[in-house]
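For reference, the structure discussed in these notes is given below.
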Amino acid sequence: MQTYNAGTFDVIVVGAGHAGVEAGLASGRMGAKTLMLTINLDMVAFMPCNPSVGGPAKGVVVREIDALGGEMGRNTDKTYIQMRMLNTGKGPAVRALRAQADKWDYQHEMKHTIEKEENITLRQGLVDRLVIEDGVCKGVITNSGAIYYAKTVVITTGTFSRGEIIVGELRYSSGPNNQQPSVKLSEHLEELGFELRRFKTGTPPRVKSSTIDYSKTEEQPGDDHPRAFSFDTVEMLLDQLPCWLTYTNETTHEIIQANLHRSPMFTATKKGTGARYCPSIEDKIVRFSDKPRHQIFLEPEGKNTEEVYVQGLSTSLPEEVQREMLRTIPGLENVEMMRVGYAIEYDAVMPDQLWPSLETKLVEGLFTAGQINGTSGYEEAAGQGLMAGINAARKVFAKEPVILGRDQAYIGVLIDDLVTKGTEEPYRLLTSRAEYRLLLRHDNADLRLTEIGHEIGLISDERYERFLAKQSAIEAEKERLQKTRIKPTAEVQAMLKEIGSGELKDGILAADLLRRPEITYDKIAQIVSRETFVTDEIAEQVEIQIKYEGYIQKSNLQVEKMKRMEDKKIPENIDYDAISGLATEALEKLKKIEPLSIAQASRISGVNPADISILLVYIEQGKIAKRDKEKA
């Protein structure tokens, strides 16, 4: 095919899903002339699976994206149909915000946001190859012969990469939701020497709302006073839609058991590795055969559609089996299935081939982000996309990449896990993966990351001023409570007795009283009058910082210890083969991962403490030899 020069840009983003839109917006807003290419303009920021954003760990990521200047939180706040705070009865480290999005409004709002950005060109096109010169990515070539040149390229092709849809015995080449797949780009990446692996994900059937008997299900309403994902959101949408809870039963399970031989999960048809933490209903029935039932949530896909997402029933069983098992579930006895559930297999680039900046080690100037890196979930994709877009733009401007630490953000945990440990299955972010999760809370994402967002140019001066005002208000209120003494008056003693707290023998500082588990900030406010208005957000932050001060200090000490290891950098071009005493597995892993610091090396699977000690001695001896040489 004849090719032609279609234009020159600073950054090209291939794909416009949740990773792609964040990458493109970050790059464009940082001043880089950005081209976004997508197979179908009608699918920008589309939600091919569940119509929700947030949840445990993921909701914190959305807050982090917002604090850094990304768009997912703002867009969700504009388009949600339900908002709920999860785990409110537990500690602050595991609380999480989750929204049901209107999936159609979400994608339309995001597309329009991109279209309004002056530095972004949004264009429909299918990328087949990259332009590579001397190991450096210089642009892309589309299937129509258009050559677009750029200084950096970000690939965010998601499950479109050589995608194949599977429903029972039916298997065909396709992207999600029966879209055109991207085949030749995967083949080209293999030609370049990238290691790809087949992964799998799935989605449940969609059913018609008017054919559901909701009287047989349990209503799951949104919060009466919904919280926002974005620091910028002032007014919340109060017109919410409920979700509904029902359950599978023994009849459902019998139908599934009788048809396991037709499920790609249990036949040679399935080649890809599925997500451990998002199993299909077939997988759940087999793995948890002792369970008499499984939860099913009925989630509306939007305000102006009859389609309902059957959360918990992800499946790739044949169409007629799906219809049969749906009708065994209470409330769904007469349900009409509008879309069949399916599994999709796709190519993933093994992420240990990336630097922590998400630039590939094999090709300079080429970045990858999202499900192509082996992750699952919109939020994980968006977080990676944001960081890849930031670093692609910073490379154009000859600036150092932004790399978030494991103590700074869940996004930092996610990327470090991927590039340091790799993944054998679709990676899902969990609170248990973060060793400093008390520091990485949903409520303090802005306090952790707004400074960085402002420094790199994604947070406006006006928003930064509002952030500083909030920060000052928190410190002022903490200081007030640390100085204010509460006397054991009859009124105070009566209140303490009423809530089951021990009476005061002497006066006590308000901050010390707040440290009692049963005492809330609201109770303190009833006793100690305030001269200035304190918002709910500031009150929450003051309470958490005072109540958990001891635990937070312990976590900070652990972080300082880790940072000392992070500061011990491994020299570039180190010859691991020259280090005697390293275990064979450690030698192989160190050569493959090429860790940047001793801390990162210590997190590599297969590298044990003895190997780290040998590596430290080798590096220190090298420094001594270098100093001796300089003195001579």
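Backbone N, Cα and C define each Cβ position, glycine as well.
Cross-referencing Ser182, Ser314, Ser316 with the FAD binding residues that Swiss-Prot gives (Gly15, Ala16, Gly17, His18, Ala19, Gly20, Val127, Gln371) picks out Ser182. Taking each Cβ in turn and tallying the other Cβ atoms within 10 Å, the top scorer among the binding-site residues Ala19, Val127, Cys278, Val286 is Ala19. When the alpha carbons of Gln371 (FAD binding site) and Gly274 (NAD(+) binding site) are compared, the span between them is 13 angstrom. DSSP classifies Cys278 (NAD(+) binding site) as coil under the three-state reduction. Cβ neighbours of Phe288 (NAD(+) binding site) (same chain, under 8 Å, six or more residues apart in sequence): His294.
Once Cβ contacts within 10 Å are tallied over all protein chains shown, the binding-site residues Arg276, Lys284 are led by Lys284.
Here the Cα atom of Glu282 (NAD(+) binding site) is found 28 Å from that of Gly17 (FAD binding site).
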